[in-house]
């Protein structure tokens with residue numbers, strides 16, 4: 001045992017008891033916690049998710065530099081907004097596509113396909129944001145355009161005149177620039193400084209197309 | 001260096017080597033057999049060191065799972081529940097590993113990353129240069145191989161086309177407006193690029209597919225400008241002037257680049273003639289396909305056949321439409337008499 005010769009100096013004096021607990025570091029949850037959210041009533045789950053979605057809506061309407069949208073992303077809000085917008089752009093006419101009105105599937109596909117393209121583009125340009133975070137941000141920032149759609153529908157309940165067109169134009173332009181500004185506030189931080197314009201342009205185009213679809217919407221006679 | 005495995009669930013492996021020795025990899029857990037099972041060989045990974053790393057990682061995860069299970073007080077859970085937990089965790093981890101491996105192999109967007117490595121001022125310069133034909137055709141002109149600019153131009157053209165289709169009241173019966181616009185623009189960009197690349201291969205031109213995609217994509221900048229102006233300002237003479245000038249400039253630019261990369265008169269003529277024809281005719285088609293005044297031609301030439309794309313009659317000034325219809329009818333009569 002020559003290799004242990006050097007260790008003979010080290011000794012633990014026997015009057016100090018060595019005691020303690022050795023615990024294997026476990027993951028912070030045991031299986032009981034995994035199942036605990038299944039036992040809660042459905043109302044709690046729905047309310048919790050709705051509260052999270054509502055909180056993110058507030059963050060979109062007042063775009064400060066907060067990371068709530070990014071840290072715990074979820075896709076419920078975008079789905080809600082997308083479905084609402086698509087249903088409202090559908091109009092009451094049962095005859096699909098008779099006068100060039102976008103169909104439900106068209107709006108849905110444009111929003112999700114456009115978001116995926118913008119996300120891929122921002123990732124390819126060297127962004128640090130993850131795929132679903134970017135989808136979450138782009139989806140939530142459709143909120144001002146949905147609000148504009150509701151306003152346009154209300155305005156169109158009146159006469160279809162040039163005044164109503166000007167009002168709708170102003171509302172849609174304002175909400176489209178709000179959407180672009182809000183999503184830029186979240187997305188552009190993750191890009192290198194000199195490439196922000198390259199990321200902002202597709203976002204601008206995306207919200208422009210959606211805003212244009214809202215502006216050219218006319219109800220069925 | 002044989003390792004013996006106990007034939008129970010949740011057995012632990014005693015590795016004497018830090019990287020995990022060879023025999024541990026392919027022994028099915030719980031079977032107690034020392035035979036290497038080739039089904040478990042991972043044939044999608046490259047080097048064997050990756051395999052070692054993955055196997056080691058997998059065994060560490062299994063050890064963690066069993067350590068978690070062991071740390072749970074046995075009197076709170078029955079053995080069945082431990083079993084279920086272990087099995088489900090292992091299935092989840094195996095599935096996650098397979099999915100992440102497949103994802104990294106097939107959905108690796110890093111392949112495209114070098115083609116998006118541009119600065120905004122580079123994009124702006126290339127956009128402006130796409131309308132300036134080069135003069136030196138004696139040595140090959142440099143073509144930037146990037147895809148950001150072309151893709152953004154194609155999407156812009158989709159948006160402009162959508163606007164044009166909407167204002168002209170085009171009704172698409174079998175399909176959607178957006179689908180048609182996207183199909184037209186992407187079909188042109190990808191299809192004509194591939195076709196010209198194939199012709200370039202036949203004519204021995206020195207151009208790669210990426211360069212052709214990039215060249216044609218930037219050539220769409222002229223188209224975007226002309227369509228943006230003429231979908232909003234409806235004067236035929238203005239369109240023809242813009243078609244010749246701007247369309248012509250962007251075609252000349254592409255043609256000059258191709259000429260500089262091709263040797264021989266006949267290949268040059270063939271290749272550049274085809275590209276010029278396709279590019280100019282595409283702009284002509286885009287203008288007239290979604291234009292208000294085309295009803296006259298349709299009524300005269302098509303007759304009872306109803307095409308898939310229909311137009312809704314719009315209110316145009318009576319005099320102008322009468323003049324146009326008369327002109328078109330006379331042209332149709334001349335054509336039919338020949």
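Yeah, the Cβs are placed from backbone N, Cα and C, and that goes for glycine too.
TrEMBL lists transmembrane segment for one of the ranges B:92-111, B:112-131, B:212-231, namely B:212-231.
TrEMBL assigns the feature region 'Disordered' to residues B:1-24, out of the candidate ranges B:1-24, B:25-48. Residues 129-135, 137, 141, 143, 215-216, 219, 221-223, 225-226, 229-230, 272, 275-276, 279-280, 283-284, 287 of the same chain sit 6 or more residues outside the transmembrane segment (B:237-257) yet have a Cβ under 8 Å from a Cβ within it. Beyond its flanks by at least six residues, the transmembrane segment (B:147-165) meets 112, 115-116, 118, 123, 126-127, 177-178, 180-182, 184-186, 189, 210, 213-214, 216-218, 220-221, 223-224, 227-228, 231, 286, 290 of its own chain at Cβ-Cβ distances under 8 Å.
Residues of the same chain lying 6 or more positions beyond the ends of the transmembrane segment (B:212-231) and with a Cβ under 8 Å from any Cβ of it are 126-127, 129-131, 143-147, 149-151, 153-154, 156-157, 160-161, 163-164, 167, 185, 189-190, 192-193, 196-197, 200, 238-239, 242-243, 246-247, 249-251, 253-254, 257, 279, 282-283, 286-287, 290. Nonlocal intrachain contacts for the transmembrane segment (B:177-200), taken as residues 6+ away from its ends with a CB within less than 8 angstroms of a stretch CB, comprise 150, 154-155, 157-158, 161-162, 165-166, 170, 207, 209, 212-213, 216-217, 220, 258, 262, 270-271, 274-275, 278-279, 282, 286.
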